[in-house]
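Novice: One structure is given below, represented as structure tokens, and several questions about it will come after.
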Amino acid sequence: MKEMDERKQEGELHLLGGSTVYKQDYAPEVLEAFTNKHQGNDYWVRFNCPEFTSLCPITGQPDFATIHIDYIPDVKMVESKSLKLYLFSFRNHGAFHEDCVNIIMKDLIKLMDPKYIEITGIFTPRGGISIYPYCNYGRPNTKFEQLAEKRLFDHNQ
């Protein structure tokens, strides 16, 4: 509890511990980051988000998915409540499945500048077809750029 109070006092976190306002459309501005206290270590962080929803931009029908977010942090890390509110903001947003995962990845790169990140969307079937889009990013000119290429080429093998 002391650590959270320190982070709130340092101005890093604003949403955690407060009342919740749910945005009605895509809202990247709700994302918050905090300082990684283990910057000397390379390690994975995984978020499993089983209740993601968005709207088909053509039909307006809801799409449902589990979103997996895996990243190797550097200086900044995404705060989980802000991530939850951000993902919730897609609920009334029209975007194709492939767009959703790429938008999420780009917004998280902008927020955190991670060493490596990958996003997988496991969308439930509509019309008898499931779509599982995957995207990734590794920081250019580092071993993480090579990791991104390898994981992309080895994906689903």
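Numbers here mean position along the shown chain, with the first residue as 1.
Cβ coordinates are placed from backbone N, Cα and C, and glycine is handled just like the others.
Note that the structure is a prediction, hence the values are computed from the model and not measured.
Pulled these features from Swiss-Prot for this protein:
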- Cys56: active site, thioimide intermediate (ACT_SITE)
- Asp63: active site, proton donor (ACT_SITE)
- Val78, Glu79, Ser80, His97, Glu98: substrate binding site (BINDING)
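Are these features on the surface or tucked inside, and what touches them?
Specialist: Sequence-distant contacts of Cys56 (active site, thioimide intermediate), defined by Cβ-Cβ distance under 8 angstroms and a gap of at least six in the same chain, are Pro62, Asp63, Gly94, Phe96, Arg126.
Following the DSSP three-state reduction, the secondary structure of Asp63 (active site, proton donor) is strand. Cβ neighbour count for Asp63 (active site, proton donor) (all protein chains, 10 Å cutoff from its Cβ): 22.
Within the same chain, residues at least 6 positions away in sequence whose Cβ sits under 8 Å from that of Val78 (substrate binding site) are Leu31, Glu32, Ala33, Phe47, Leu108, Leu111, Met112.
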Novice: If you count Cβ atoms within 10 Å of the Cβ of Glu98 (substrate binding site), leaving out that atom itself, what do you get?
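Specialist: 14, counting other Cβ atoms within 10 Å of Glu98 (substrate binding site).
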